[in-house]
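K.L.:
Take a look at the following structure, please.
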Amino acid sequence: MVPGSLGCRVVDPAYGGVVGWCYFIVFVTVLANEYNTTAALLQFWGPQVPLYGYILMFWVAFLGFQFLGVGVFGEAEFWLASLKIIGIFAFYIFSIVYMSGGIKGQPAFGFHYWNDPGALANGFKSVVATFVYASTFYSGSEIPAIAAAESKDPRSLPSVVRNTVFRIIFIYIGIAIFYGATVPYNDETLNANTKALQSPMSIAIKRAGWNGGAHLINAFIIVTCISAINSSIFIGSRTLLHLANEGQAPKILKTVNKHGVPYYAVILTNAFGLISLMNISTGAANAYNYIVNISGVAVFIVWGSVCFYHIRFRQAWAAQGRDANDLTHKGLWYPYLPIAGMTLNIFLALIQGWSYFKPFQAKDWVDSYILLPFSVVLFFVLKIVNKTKWVKLHEADLDTGRHT
């Protein structure tokens, strides 16, 4: 189940293929980034092992793990997610105690760092530069919207969406607030030589007086990376499986083993994780920036397309003489919210590389925008090769897989 599936039915199979491939790009770039991050974190404890050594060891281990099937994947994700939630909740408690002066020898400072040095570093330019990072870290939160057309229990969707909103507030926004409240943006340790020491969690704990806290945070971040790698291979490979079933990818990717694992798709997805080996020549930080730029733009394309699908779906529903009240779940504030979402994602995709214009940085600029023309070219390639047509609203398939 990927964003391209509904697009093939209400927009154009070629458009759905482009969005499906962009979704695949999101997760293989996240995969490469997490391999890169995990290797850098492990060097905090074992600097004698080169980055590529750690990457290759994890690459082989995760390839074998994915062949065990969806049941093992789900069990692993349950425990990894539990550890992540416990870790984040523990950091929130620590932050509140620390800010309130509850740690011996540390004064209460509240939100002092929001005033000195301030909550916003380097103005609007820096805010724009963070858009691609934010979109990459938020990728995956769109899954309930993607699942809407094919859910086995569509009546549960409103509660699923509400829970997603609460998770975003609790995890993403919450952690950003506590990072900014416990660590000033001009802390020199943010530019430390190792990722473990760069982590705001590590810095906050060290500022509170526990110098050895970096080891605990390093272990916690590695757990989150393992979860991200595991999920990225799973979602990326299933995206390829869907694309192959739709005729948008080579047929060989449809092959599955006795456990239902599309092993060729798993191998290909994990192979893209070797992009992380770029850090051998460019350095881990540069490799991270290259990968995140591409991933962030892909997320904007996917999210904007999900909003577009919603509009096309509702238009097709009306064009076929159906009553909107017959829908199990109606989107909030239609059509204004999906129009706003689509417009905002287009805007962010176009502006995210603005900081590279002055002074002009050619390599970074190309990295920020290359996916936009690539998507246009891919659309026409798929349209010509598969001889697709733009779906007419009154002919759109709104019933396949529908549950009442």
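Each Cβ is built from the backbone N, Cα and C atoms, and glycine gets one as well.
Below are the features listed in TrEMBL for this protein:
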- 8-393: domain 'Amino acid permease/ SLC12A' (DOMAIN)
- 14-32: transmembrane segment (TRANSMEM)
- 52-73: transmembrane segment (TRANSMEM)
- 79-99: transmembrane segment (TRANSMEM)
- 165-185: transmembrane segment (TRANSMEM)
- 216-241: transmembrane segment (TRANSMEM)
- 261-281: transmembrane segment (TRANSMEM)
- 287-311: transmembrane segment (TRANSMEM)
- 332-357: transmembrane segment (TRANSMEM)
- 369-385: transmembrane segment (TRANSMEM)
K.L.:
List, by number or range, the same-chain residues at least 6 past the transmembrane segment (261-281) whose CB is under 8 A from its CB atoms?
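P.N.:
Those are 24, 27-29, 31-33, 35-36, 39-40, 50-52, 55, 59, 62-63, 66-70, 229, 232-233, 236-238, 240-241, 244, 252-255, 287-288, 290-291, in sequence order.
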K.L.:
Excluding the flanking five residues on each side, which residues at least 6 beyond the ends of the transmembrane segment (369-385) place their CB within less than 8 Å of a CB in that stretch?
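P.N.:
Same-chain contacts beyond the flanks: 12-15, 17-18, 21-22, 25, 248, 294, 297-298, 301, 349, 353.
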K.L.:
Ranking 14-32, 52-73, 216-241, 287-311, 332-357 by Cβ pairs under 8 Å to the transmembrane segment (79-99), which is first?
P.N.:
216-241
K.L.:
Would you say the transmembrane segment (216-241) and the transmembrane segment (52-73) are touching, if the rule is that at least three C-beta pairs must lie under 8 angstroms and be 6 or more residues apart?
P.N.:
yes
K.L.:
Among 216-241, 287-311, 332-357, which stretch has the most Cβ pairs under 8 Å to the transmembrane segment (14-32)?
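P.N.:
The stretch with the most close Cβ contacts to the transmembrane segment (14-32) is 287-311.
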K.L.:
Could you tell me the mean pLDDT over the domain 'Amino acid permease/ SLC12A' (8-393), as a whole number?
P.N.:
86
